[in-house]
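Asker: Residues or ranges marked as transit peptide in Swiss-Prot: 1-18. Taken from Swiss-Prot, the feature domain 'PLD phosphodiesterase 1' applies to 200-227. Residues annotated as active site in Swiss-Prot, with sequence analysis given as evidence: 205, 207, 212, 540, 542, 547. Per Swiss-Prot, the feature transmembrane segment maps to 510-528; the stated evidence is sequence analysis. Look at Swiss-Prot and you will find 535-562 tagged as domain 'PLD phosphodiesterase 2', backed by sequence analysis.
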């Protein structure tokens, strides 16, 4: 390969590498609190023209064809249509979030004390400590008042059993359910062909409290001292988010509660996915009326024009290359002829000098003298060549540096139509959309027994069509393939995608931080901003807020196991609640640290190995626990 070929290959490598870099960020400056987004003048559709932190965005023509004609309202109307078939939705609800776990437990205990008809509590972990004993005591008192009382806890989260804790509650006549005892499912799983439907890894991760069918509580809080704030007797180890729902959505939460005890037959899930397919087909049929004008004609025109320009440029380049080649060949022949003449002249000159020297001195040692002179000349030529090679390397490095700087300058060209969006400022169109539409509350659930994957499907749709902002709070993150790609695509097209998770000191279990760290670079390479919580608590919140209009609070972790567990999320389409959750996200972000891409690339070899090891170990454990499970969309194989 020639020098020019090596230089072009190196330059292409720089462009490819820098297209996935997010390192030249505005670290530590006020500009880091801002997100650059582009928009077409006079339209609500976002069309990014620069990348966030040096990330190569989608090609302009592709972005315009896919997203350029969608306004804020069109996007969220489309999202709502896709989410409508996933779970029961209703209006006229009030959703109040709790960021302080002490307030959440105080409100739940007060509701149990004032219950007159029924108290149904479902949790993943119920510990035998002060908070657990107090909760069970209040349930026992409610049952003695004549309320229908039930406590359902998962045996995977309480593997040692809770017989001593719930003994008195059982004696009072209340219903206590131990969900999926581990040893009852451990041996059948291995003896019956390791069918994933029998796997002991399927756990009930839902946290639901329903009081008198009028109040519904949902979120990430288990029952224990670690989950309750200090003002109510706990130690406040976990930073979590819970919510209370009042309105028709409580009955929808009751349906999810009953679904845990008696999962729906597979036919109901099939009917649900038939509805999804039918809705998708109807939507595509309606949208197909404008496909010719909105997509086919612009695409055909672009390809025709682009192809013509490309062909013309290639022909011009080939013609110029041919001319240069002919010139090089002509100069090469001339140099060869000149060299032959010079060599012949030098040879004749040396022979003539030798004859003269021999005739004058009578000595015949002219050959040795000539050879010594040739060696000196060769040594001088070799030194000159080393100097020239060093200069070529210097020029090459300088050219590469200039090309790299030019690459980033092209990416950072600010279009006059671009605007800065402060973190504390809501998305501009969200308020108008919220005023024009009634607040909608939707209860989503996951149940592997009925092949119900509504929550990851909903998050995938929101990530795919989100307009300007997507903020996710999760203890750790190992999203499945489809959701991972949706996050990366959203970030590439200019959406402010942020993930706030625990750090190596605020993640429980601790090894999940290492597994998440393995894919952090993939997310940041696409423009996703990752924050690590550095507060005094362990991050356990599970929330999503999108475009200052849509909020999700529930028990779903963005990891591979939540796809196989029973989960619940309350999704609320309302501008006011979204503003509250955005403020909470910013409060958590203020005590967090953003992961810098350059520092991430320089992490130690031990950290690289640990991240790879735990990520691989979790994937192996997943395949071992759910051996026969296969779904390409829910696969954890994202690399």
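Cβ coordinates are placed from backbone N, Cα and C, and glycine is handled just like the others.
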Asker: Could you give me the DSSP helix, strand and coil counts for the domain 'PLD phosphodiesterase 2' (535-562)?
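Answerer: The counts are 0 helix, 12 strand, 16 coil.
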Asker: Looking at the active-site residues listed here (205, 212, 540), whose Cα lies nearest to that of residue 547 (active site)?
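Answerer: In terms of Cα distance, residue 547 (active site) lies closest to 540.
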Asker: As a quick check of your reading of DSSP, tell me how many residues in the domain 'PLD phosphodiesterase 1' (200-227) are helical, how many are strand and how many are coil.
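Answerer: The breakdown for the domain 'PLD phosphodiesterase 1' (200-227) reads 3 helix, 11 strand, 14 coil.
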Asker: With an 8 Å cut-off on Cβ-Cβ distance and a minimum sequence separation of at least 6, pull the same-chain contacts of residue 205 (active site), or say none.
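Answerer: Set apart from residue 205 (active site) by at least 6 residues yet with Cβ under 8 Å, we have 124, 154, 555, 556, 557, 562, 565, 566, 567.
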Asker: Around the Cβ of residue 207 (active site), how many other Cβ atoms lie within 10 Å? Please give the count over every shown protein chain.
Answerer: 25
Asker: Would you mind checking how many other C-beta atoms are within 10 angstroms of the C-beta on residue 540 (active site)?
Answerer: 26
Asker: Please determine which of the active-site residues listed here (212, 547) has the lowest count of neighbouring CB atoms within 10 Å.
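Answerer: Sparsest of the active-site residues 212, 547 by Cβ contacts within 10 Å: 212.
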Asker: Work out how many Å separate residue 542 (active site) and residue 207 (active site) at their Cα atoms, rounded off.
Answerer: 12
